There are 2 protein chains.
Amino acid sequence: MSESSSPPWSSDSVGLVSPRTLHFDQPLELDCGRSLDAFDLIIETYGELNAARSNAVLICHALSGDHHAAGYHSATDRKPGWWESCVGPGKPIDTNRFFVVCLNNLGGCCGSTGPNQLRADNGKPWGPDFPIVTVRDWVRSQQRLMQALELPRWAAVIGGSLGGMQALQWSVDFPDLTRHVVAIAAAPRLSTQNIAFNEVARQAILTDPDFHDGRYAEHATVPSRGLMLARMLGHITYLSDNAMADKFGRDLISGNPQFSFEAEFQVESYLRYQGRSFIDRFDANTYLLMTKALDYFDPAREFGGDLASAFERTEAGFLLVAFTRDWRFSPERSRELMRALLQAGKSVSYACIDSPLGHDDFLVPVPDYLKVFGQYMHKVAKEAGA
Amino acid sequence: MSESSSPPWSSDSVGLVSPRTLHFDQPLELDCGRSLDAFDLIIETYGELNAARSNAVLICHALSGDHHAAGYHSATDRKPGWWESCVGPGKPIDTNRFFVVCLNNLGGCCGSTGPNQLRADNGKPWGPDFPIVTVRDWVRSQQRLMQALELPRWAAVIGGSLGGMQALQWSVDFPDLTRHVVAIAAAPRLSTQNIAFNEVARQAILTDPDFHDGRYAEHATVPSRGLMLARMLGHITYLSDNAMADKFGRDLISGNPQFSFEAEFQVESYLRYQGRSFIDRFDANTYLLMTKALDYFDPAREFGGDLASAFERTEAGFLLVAFTRDWRFSPERSRELMRALLQAGKSVSYACIDSPLGHDDFLVPVPDYLKVFGQYMHKVAKEAGA
């Protein structure tokens with residue numbers, strides 16, 4: 001139309017993308033003993049499926065992620081998908097070679113069946129009546145998605161943090177359905193401290209008077225205080241002490257102490273902003289579900305606590321990536337995974353990336369990380385004939 | 001009266017103690033620019049002042065501490081004072097040798113002038129109108145206390161955590177009024193992450209609908225949700241990841257996942273209990289004040305950011321103690337103090353105690369800690385002629 005019609009994104013972006021929703025009408029049994037009669041999953045795909053149907057990779061999202069991993073929903077979008085740094089033409093998850101699938105998990109709040117969606121039986125929001133789902137439940141639902149897309153197996157299942165845990169669980173529960181697992185900044189289970197932080201976040205939400213036992217939608221309100229506190233606390237665990245110090249130090253917004261409870265250190269202002277903006281885009285019931293899925297994740301549990309046994313049957317090869325300054329899921333947690341995989345006789349590559357940010361490093365383009373990740377995915381692509 | 005009349009405490013306890021309140025009627029100028037026309041400090045003392053008045057030591061309390069450092073208020077008390085492990089006959093702070101003074105700080109909630117006390121001018125609780133106080137203000141008020149007790153100087157000022165910060169500030173602001181400083185599990189200033197945790201705790205309280213801008217007493221309520229969350233979060237930072245893992249692991253109260261938001265991991269139950277019991281004994285406005293005093297503490301600030309300069313004029317000798325697993329104020333923070341003191345040409349002893357608990361180690365009788373502390377205090381006592 002005019003010279004401004006050139007797309008606003010760079011050539012290594014997948015560019016304009018659209019989600020689509022798949023409906024599943026076979027009941028899904030859940031770990032909690034309940035089942036979903038039917039459910040929807042909203043997904044995005046990037047790249048093309050090859051004729052052999054061998055180049056499909058699944059991206060699993062983390063706590064506050066969704067199906068929009070890469071690209072833009074419109075030319076006026078201010079931000080791309082959450083993993084734009086790693087997904088696109090020529091990037092580690094190379095959309096010139098792979099058919100990339102990313103979904104919003106069950107219980108999520110971005111379009112898949114979850115607390116903020118309406119129930120088919122009574123037309124009301126699920127709210128707190130949505131079942132507490134586990135990583136195993138998600139993997140089971142993702143296997144339905146694989147079938148719906150008529151994929152014989154994944155070339156790789158890939159994720160960071162809670163997403164990495166899903167990738168690991170895939171290799172345990174469907175040992176022959178993924179050729180590779182890429183688990184970044186993940187852990188074989190939460191530590192006691194991890195659970196403790198989740199519990200504080202949950203209590204912040206559960207005790208918010210606007211929570212109304214999870215039926216806040218019916219009360220036309222939102223437990224915004226609780227959700228804000230949960231997010232502020234989360235952010236502290238996503239960044240290393242050093243990264244926070246480098247970014248904000250002890251800098252005062254107005255240069256001098258104000259002797260008030262207004263935000264006066266820069267870091268206070270940052271956290272409040274992060275907390276407030278989360279309220280608009282995330283659902284409190286979903287936040288509760290995600291933290292429980294994290295707490296429960298423990299693939300060794302069904303194998304008498306022996307992690308190596310859990311991985312024994314898998315045919316997958318593994319890439320584990322950790323970040324030096326990650327204190328939420330420290331490199332030691334990835335090494336624990338590595339040792340179990342080696343003990344189980346699996347092929348495993350492990351990289352510990354020296355980077356300052358912390359847990360959030362998995363979302364940013366740290367050069368060494370992109371190289372390690374890209375080289376591994378190059379191997380995955382070659383094997384897949386992509 | 002009967003054979004049960006033998007005291008319920010062991011021979012190394014100071015036993016039955018009683019607090020007393022001192023009234024100060026000279027105005028106290030505060031860092032915030034306001035002043036207190038008069039104020040009360042509630043104190044406890046243990047041991048006897050010698051004729052030379054040279055054996056007095058001051059104990060400064062931490063965030064949730066008070067004047068009741070040792071002994072029992074009655075024969076039926078279930079718990080002794082908060083530092084019973086270190087204060088008593090034959091203990092590091094040996095009450096056979098020292099005259100020990102411990103106070104509740106200004107702004108506290110245990111009897112000294114603070115938010116939960118009534119104003120002299122209108123008979124109403126101070127509430128949120130109590131000024132935001134700093135570590136320097138506390139030290140200034142403690143110097144008034146020293147004068148009231150007719151003490152020429154302290155043989156030592158001693159404290160852990162925020163208490164250690166007060167001890168350090170004493171050496172900066174009154175360089176000739178303390179012979180020794182013992183700063184345990186302290187830091188020269190809060191890190192950005194420390195401030196961030198404080199900010200989440202404050203937001204939990206400030207956004208609690210029962211907070212009423214701090215005037216909850218007038219509304220006959222208490223911001224119990226906020227105070228509970230603040231305390232739960234605090235407890236996570238007081239314990240090391242390892243200590244939490246050793247104590248609670250991933251143990252489930254009922255053995256199996258319950259798929260509910262009730263406390264099901266042992267650590268959840270522990271944190272909820274700690275949070276709830278704090279509501280009954282602590283005041284939310286005081287909690288806010290304590291966290292601000294922590295955030296503002298930065299003795300180097302007035303000296304162009306040069307910590308060594310801050311300590312230049314002091315005549316005190318220093319003992320710094322850190323604990324290997326303390327991640328709130330890690331050993332590196334104590335080493336930072338040590339380096340500044342050495343640069344200033346001061347006498348400094350530094351011990352890093354290998355102990356699993358974390359920040360809370362300063363409150364418990366870790367054998368190496370008691371030995372290092374005791375030996376240093378033995379030297380202090382000899383110097384003081386005690």
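A Cβ is built for glycine as well, from the same backbone N, Cα and C atoms used for every other residue.
These features come from TrEMBL:
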| type | residues | note |
| --- | --- | --- |
| DOMAIN | B:55-362 | domain 'AB hydrolase-1' |
| ACT_SITE | B:Ser161 | active site, nucleophile |
| BINDING | B:Arg231, B:Asp360 | substrate binding site |
| ACT_SITE | B:Asp326 | active site |
| SITE | B:Arg328 | site 'Important for acyl-CoA specificity' |
| ACT_SITE | B:His359 | active site |
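Feature map: TrEMBL annotations on the structure.
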residue	record	CB count, 10 Å
B:Ser161	active site, nucleophile	27
B:Arg231	substrate binding site	22
B:Asp326	active site	29
B:Arg328	site 'Important for acyl-CoA specificity'	23
B:His359	active site	24
B:Asp360	substrate binding site	21
Q | Distance, B:Asp360 (substrate binding site) to B:Ser161 (active site, nucleophile) (CA atoms, angstrom) | A | 9
Q: By CA-CA distance, flag whichever of B:Arg231, B:His359, B:Asp360 among the recorded positions is nearest to B:Arg328 (site 'Important for acyl-CoA specificity').
A: B:His359
(Q) Give the mean pLDDT for the domain 'AB hydrolase-1' (B:55-362) on the 0 to 100 scale. (A) 97
Q) What does DSSP call B:Arg328 (site 'Important for acyl-CoA specificity') in the simple three-state scheme? A) coil
Q | For B:Asp360 (substrate binding site), the three-state class that DSSP assigns | A | helix
Q | Pairwise Cα distance for B:Asp360 (substrate binding site)/B:Asp326 (active site) [Å, integer] | A | 8
